[in-house]
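Student: Pulled from Swiss-Prot, these are the listed features:
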- 21-36: transmembrane segment (TRANSMEM)
- 101-115: transmembrane segment (TRANSMEM)
- 140-156: transmembrane segment (TRANSMEM)
- 203-218: transmembrane segment (TRANSMEM)
- 237-252: transmembrane segment (TRANSMEM)
- 457-472: transmembrane segment (TRANSMEM)
Amino acid sequence: MGLPWYRVHTVVLNDPGRLLSVHIMHTALVAGWAGSMALYELAVFDPSDPVLDPMWRQGMFVIPFMTRLGITNSWGGWNITGGTITNPGLWSYEGVAAAHIVFSGLCFLAAIWHWVYWDLEIFCDERTGKPSLDLPKIFGIHLFLSGVACFGFGAFHVTGLYGPGIWVSDPYGLTGKVQPVNPAWGVEGFDPFVPGGIASHHIAAGTLGILAGLFHLSVRPPQRLYKGLRMGNIETVLSSSIAAVFFAAFVVAGTMWYGSATTPIELFGPTRYQWDQGYFQQEIYRRVSAGLAENQSLSEAWAKIPEKLAFYDYIGNNPAKGGLFRAGSMDNGDGIAVGWLGHPVFRNKEGRELFVRRMPTFFETFPVVLVDGDGIVRADVPFRRAESKYSVEQVGVTVEFYGGELNGVSYSDPATVKKYARRAQLGEIFELDRATLKSDGVFRSSPRGWFTFGHASFALLFFFGHIWHGSRTLFRDVFAGIDPDLDAQVEFGAFQKLGDPTTKRQAV
């Protein structure tokens with residue numbers, strides 16, 4: 001036929017059998033990728049330290065999605081929370097991967113069958129004997145079936161009525177586990193961080209989809225609307241389908257980047273806004289203050305801070321710190337976290353406590369500045385010693401650690417104090433192993449960043465695809481170059497060939 005690469009899809013334009021075939025093949029490719037990617041990730045994933053080396057630090061992409069839907073066990077005998085198990089059951093990580101690969105193979109065979117046996121009786125219009133599809137009816141069927149699936153997911157899987165529930169955690173990502181969720185039917189259901197909204201919204205949306213599907217199955221569109229929206233043209237279906245996909249992609253890019261109950265930080269890592277707002281730092285200080293109020297010593301109060309909470313309060317876990325084109329996991333950047341050194345408290349020779357000003361998200365370098373409780377600069381690491389007034393040496397800054405591996409250790413040597421002041425710019429201080437993976441010390445983004453970038457980019461691309469194909473189907477007569485003053489009107493939705501003498505003509 002000699003079609004250019006950007007026109008090859010015209011071969012399925014008037015061929016419902018092969019149109020179905022290529023869509024089944026697409027499903028085979030998607031499911032096959034998902035299953036294969038899951039097996040690859042399971043081959044390289046290290047489940048031994050869920051606190052300091054969780055899935056998102058290791059760059060896992062599909063494991064978090066399986067986990068949030070209730071999969072926590074592996075046939076390898078480990079659990080995602082760090083425990084060991086003896087009976088993982090069929091629906092383990094490997095079981096889900098295998099199911100996707102088997103499904104992919106079946107779809108592959110079905111696609112071949114439908115490509116070979118394309119001229120089926122079901123696709124023929126008995127009035128004309130030509131291939132045709134009742135698109136409004138097909139729309140109703142798909143809407144009804146997707147409504148059933150949506151309702152079933154919300155009413156059974158999420159609620160635990162028939163299924164495991166979903167991943168639910170506290171606001172600071174410390175106690176996450178898979179559990180059933182009750183639907184939230186009040187105003188709280190509209191809070192994106194309330195898991196109950198996931199159940200109630202799926203039940204409500206599924207019910208609406210079922211009713212809308214039944215409506216479109218039982219009510220035919222008016223003729224003027226049918227013609228006005230080109231409902232007989234398959235490119236109309238393509239355009240509106242692309243619209244649904246790009247809208248969904250924009251929505252999930254937002255819920256991933258800004259955070260929600262559907263994107264727990266234990267599975268995808270913290271958001272950049274939690275660093276920007278000092279979210280974890282405030283909670284840590286609140287817990288320490290509560291400990292001091294109970295007559296604990298500073299050392300005891302800091303020792304009770306969970307290592308997991310301290311690790312979230314580290315800039316290396318901020319997804320906005322990794323460049324878009326820095327390939328690899330977070331562990332390939334700053335290294336594998338081994339342990340929390342503790343919280344450094346800086347003091348000048350007068351005994352005044354000083355706080356290191358933290359590095360903002362979009363800075364690669366930042367001056368080391370130490371301020372007191374009132375925000376007044378008391379010490380720094382100067383760029384030019386000759387003009388220095390507040391250098392660590394001049395002010396006599398010391399550092400003492402509370403909690404962590406260096407609990408109770410203090411340093412007064414200026415070089416050591418400056419080293420820890422620089423590291424305190426990046427949040428809580430951790431020992432990082434860069435040797436194992438030959439990590440280069442340059443921050444990487446988390447799967448939260450990759451997912452957002454990918455979905456926002458494709459959503460924009462698909463938005464233009466929607467405009468393109470929508471314009472083609474709505475203004476097809478204009479693009480085909482038909483004289484607007486033509487006395488007879490060609491019905492393009494039903495007849496493809498221009499200039500065909502057998503094409504029916506209808507007076508305007």
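Yeah, the Cβs are placed from backbone N, Cα and C, and that goes for glycine too.
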Student: Which sequence positions outside the transmembrane segment (101-115), separated from its termini by at least 6 residues, show Cβ-Cβ distances below 8 Å to it?
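Tutor: That would be 17-18, 20-22, 24-25, 27-29, 31-32, 35-36, 39.
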Student: Go through 21-36, 203-218, 237-252, 457-472 and flag the stretch with the largest number of C-beta pairs under 8 Å relative to the transmembrane segment (140-156).
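Tutor: Looking only at 21-36, 203-218, 237-252, 457-472, the most contacts with the transmembrane segment (140-156) come from 203-218.
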Student: Any chance you could find the range in 21-36, 203-218, 457-472 with the most Cβ pairs under 8 Å to the transmembrane segment (237-252)?
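Tutor: Answer, by Cβ pair count: 457-472.
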